[in-house]
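Here's what Swiss-Prot has on this protein:
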REGION    1-403  region 'Carboxyphosphate synthetic domain'
BINDING   Q286, E300  Mn(2+) 1 binding site
REGION    404-553  region 'Oligomerization domain'
REGION    554-944  region 'Carbamoyl phosphate synthetic domain'
BINDING   Q837, E849  Mg(2+) 3 binding site
REGION    945-1081  region 'Allosteric domain'
DOMAIN    945-1081  domain 'MGS-like'
Amino acid sequence: MPRRNDLNKIMILGAGPIVIGQACEFDYSGTQACKALKEEGYEVVLVNSNPASIMTDPELADRTYIEPLIPEIVEKIIEKERPDAVLPTMGGQTALNLAVSLSKSGVLEKYGVELIGAKLPAIEMGEDRELFKEAMARIGVPVCPSGIASSIEEARQVAHEIGSYPLIIRPAFTLAGTGGGIAYNQEEYEEMVQYGLDQSPMSQILVEKSLLGWKEYELEVMRDLADNVVIICSIENFDPMGVHTGDSITVAPAQTLTDKEYQRLRDYSIAIIREIGVETGGSNIQFSVNPANGDVIVIEMNPRVSRSSALASKATGFPIAKFAAKLAVGYTLNEISNDITKKTPASFEPTIDYVVTKIPRFAFEKFPGAEPILNTQMKSVGEAMAIGRTFQESFQKALRSLETGRFGFGCDRHETLPTLSHLRSQLRTPNPERVFSLHHAFNLGMTVEEIHELTAIDPWFLDKLEDLVKTEKYMKQRSLKDLTAADLRYIKQQGFGDRQIAFATKTTEDEVRAYRKSLGITPVYKVVDTCAAEFEAFTPYYYSTYEPEECEVLPSDKPKVMILGGGPNRIGQGIEFDYCCCHAAFSLSDAGYETIMVNSNPETVSTDYDTSDRLYFEPLTKEDVLNIIEAENPVGIIIQFGGQTPLKLAVPLQKYLNSPDCPVQTKIWGTSPDSIDTAEDRERFEKILHELEISQPPNGIARDYEESRVVANRISYPVVVRPSYVLGGRAMEIVYSDEELERYMTYAVQIEPDHPILIDKFLENAIEVDVDSLTDSTGKVVIGSIMEHIEEAGIHSGDSACSIPYTSLSDNVLTTIRQWTEQLARALNVVGLMNIQYAVQGDQVYILEANPRASRTVPYVSKATGRPLAKIASLVMSGKTLEELGVTEEFIPQHVAVKEAVLPFSKFPGADTLLGPEMRSTGEVMGIDSDFGKAFAKAELGAGVILATTGTVFVSMSDRTKEAAVPVVRELIDLGFKVVATSGTQKVLREHGIEGVEVVLKLHEGRPHVIDWIKNGQIQFIINTPSGEESQLDGRTIRRAALDYKLPIITTIAGGKATVAALRSLQDHPLDVKALQDYLG
């Protein structure tokens, strides 16, 4: 069937901010969909609240709305734009839930808008647990014994019918298992049921008999309007049932299915997608197989593009989201051409002659109090993927891609082996470190059978891992020169890195590299081509392997530039850096360079086969990057866009490129590694600041507790302490006493023994300011934007809301900031981007830090000002001047854009929600409007904060902030809110003339206390600033209850003032919507 000509304008719903369970994969799918529909001549309207996404670039869609993804706002956009259809399958769970809401409320019918990609009955049947179960019964596909409950009483009845624990709780219409879990007894069960009902938007849960120990598989399936169905990829979970698939190591294609079992899953998948009624596009279907007898049960399906779709796309080269968008407008699979081969249609199922492994990355260290245990609720914050000719090769490459300080399956550090009893408990309970517990187990002599008994991991995988430990022992018994060429090739084919070989043979990585090359053992690069080399591939998408085959890298005469990506997402380094890498690839391709992207993250736009001219899906380690440099011989390498990942490689790369035996003429483009090191090295940086007469907070350096105590007492408490060389404020804290400092030093020095601890005076009640600037090789400096933070200095900049333009900075302060930025950019010889953070106390400005690289604010600044900083910076690095590019002065927009952080506390039930100097947000949203109040209100709504415009506010302030809270409380009363407070706060308010404030009891003062008020729905939002030790427990419990009951909680005075401005705006007039293209002219 040809494309539908009855549609002209199509709205795509995005996924919003990056959260656990919904990350960059939806930027990837949304970007592909925008391109595919525009290619077909449709007018595209995009709605998404995430400024860090490529899809919200103004040139990607015809009309781009960076607005909150809530039904009331999307209705206004529909009313304004009058699209013919809405495509909801590209924006994850957020977009599906929005589509259901707009459909059921009658909005789509009112404006004559059609749902394409998935109709309402298909979405509901795929997402509603009861309807899905009924559908499976109709087609004879077995499901797990289960029952649906909408109350505790119903849940008790379901548990009685199933008959035995453990039971699995799965809330309906939630993302990444939010609110779910495994209950081993009745008490746990009832707690989890209540939590699950609260988390489900429709207060419905599915209770299932536990299939712990069964194997888990996924199939990626596509269907068109002519009822053609293709299976794109099978994926096997290394971890058995009981661990969320997003937290499990996964392998494609499935390794341990018999042909008969695979055919059965395939037949079931085709029957399921037809019965559910997904007419056009992709679905992900999850199965469980009993290893004892081969019984199959279907677990669930996602009637949309998913995290697994992104993985399947990158694993096979088959662009699922692009094809799904084309199917949604009427094409059939056989009418769509495969871009990679240019010969085969999309109905030609991909075949792959390699193995792909994905390993998740966790951030439990960011959430003290949260147990590092994996279950059915997803907790990982990112993932790395690797490709190899064997499972062993791809598995070890994926482990070293994670960037967690490990270089493969062990064999990379001296370790004390645990006791057998401790090890058994580590193996029995799924946790992020379990993969290395397997390594310990083989070293302690445990058998495959014993380990399988404890973990239920398939013996096939365990055999392969045991084989790696045998190779490790073989290497440790020999010197490097004892290893023959055949030995070394076999070792490299198993995925061992040079670093691991060096550890085993007691040599250095450089010695291993030199010896390996002297024996002629170098990697070859193979193409990901969707067809196992049956047809020629036209898109250079490569992976390395050590099989003795020919290298498939295509020669080229164009000058090449290599861009090093950011690796797996983590807190502190996410989509913002991928955005910068993509922009570099786009602008340098347009300038005539051949761009080479190196990255290991399957979720991102940068690892899409058509973002750069060449893509290497490889780990970002010294060994892997040097191998690619030698294969490609680029003229330049860009390291300043991928966050800390490529920066860590700067010095070793420079050392290699300067060495006499380097066979290539490659240069690192932009700011030199030496200048980057100067900014990172406290002593070198201070010397420059001293020469330039730039102030910084009083500070010092310490290597142990005694030194740190002397420094802290010299500069006076409170102080900020942190290790040198960090991103995302890792292990950074504000301490108020010698006792707190001693606890910190004991904990933090273990983290970075090689680097000293930095101690700075903490500037209380200071305003923090971020500046992004551009500098060219002539020393011309142009400020991209000056951003004013809403939370005061001391809250990590990545967790703080901020505003463009600034709202309260004086002319004197602005002059100082601009002068210091220019002086520092020149002193550091910056070429490209630099980010500087300042703190302002009154009219006194202090510099906090300077980073001569792309920062996480670059996409936000680019969207707010319309000036693509990363594109400009990459052209500057290629030798262009800012004058030539027409960028000569700072641009201050007439509108206001507010960026707000999105935090993942709901996934970590034990963690405190209080913000501090260590970054914990996973993503961000932007609100844009004509004034600050409206823009901040939109940012809060986009971040999921429900701002009530009437009702009761509970106020509990620390002694330090009680005075400052008075004006905020006065304004809330002016706005018509009822204010209630703790006795101490009420006393201060009364002293300042605020009468009639009711006292609410603290937890230890009797009942009904504040938590009772929260649970009874008597409070609409909370202002609670953290107090001293004795009331910390109260504050923590209140903050946690606010999160569980979805109440807005403000923990700073500055946040209170901004919220008052937003509430005033919302009361004055309803929010309006406007396309980004109209703001930017």
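Placement of Cβ uses the backbone N, Cα and C atoms for every residue, glycine included.
The residues of the region 'Allosteric domain' (945-1081), classed with DSSP into helix (H, G, I), strand (E, B) and coil, number 68 helix, 19 strand, 50 coil. In the predicted model, residues of the domain 'MGS-like' (945-1081) average a pLDDT of 87.
Residue counts of the region 'Oligomerization domain' (404-553) by helix, strand and coil are 75 helix, 10 strand, 65 coil (DSSP-based). Counting every protein chain shown, 16 other Cβ atoms lie within 10 Å of the Cβ of E849 (Mg(2+) 3 binding site).
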